[in-house]
Amino acid sequence: MWIGIISLFPEMFKAITDFGVTGRAIKQNLLQIECWNPRDFTFDKHHTVDDRPYGGGPGMLMMVQPLRDAIQVAKQVARSEDGVEAKVIYLSPQGRKLDQQGVRELSANRKLILICGRYEGVDERLIQSEVDEEWSIGDYVLTGGELPAMTLIDAIARFVPGVLGKQASALEDSFAEGLLDCPHYTRPEVLDNMPVPQVLMSGNHEQIRKWRLAQSLERTWLRRPELLDSLALTDEQRVLLAKIKQQYKIS
């Protein structure tokens, strides 16, 4: 997978290019990341990349020309190898809120270009002409789009074949099936008088599977019940959830 990044602070992305799962994926050529800095597309001696908004108000906007030129170069690089166009994403609080389903959808793209805004944002006309989709990582404001972009890259990379040592890991993550993850345990068998659940020691894979599913359902119902509203539960899940509610004396 190829990801192009438009950012005034490309150095920030060393956090994902040099470390962890994404860093290994890049070394193995499973993931390719290239950055373009709009400052490199300016023509004045100060490398100006911001300008005042029409209508007044506090703050500045990113200048159109350097940003658009950077996007155009990224698009050209994306299509130069095999003619495949990259989908252009603008990280914005006004965008669709990122969830696991969204991550799956985005991971199906071979090429993405992520635009990281700064200041008070970018000219609306640039969004209309250059951006395919807007995405948000939550209902809060950050100083720039770099951290959301890194979050998006990390989440997407888990679905790139070969990035994880075991592909099942991505399928079993929290939210992979719309449910929160079940509890996990490792050694020692007893920690501060708290033992590992006996079913996990049994070696019975079917019982372990059912226990984990029940735990995921219970956690989701207790902590994020709204997630269940959008799920088409299987017969097994409905039965387990009914038993869980009965245990809490709620029908």
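Glycine is treated like the rest: Cβ placed from N, Cα and C.
Among Gly117, Gly162, the residue that Swiss-Prot places alongside Ile137, Gly138, Asp139, Tyr140, Val141, Leu142 at the S-adenosyl-L-methionine binding site is Gly117. Counting other Cβ atoms within 10 Å of each Cβ, the lowest count among the binding-site residues Ile137, Val141, Leu142 belongs to Val141.
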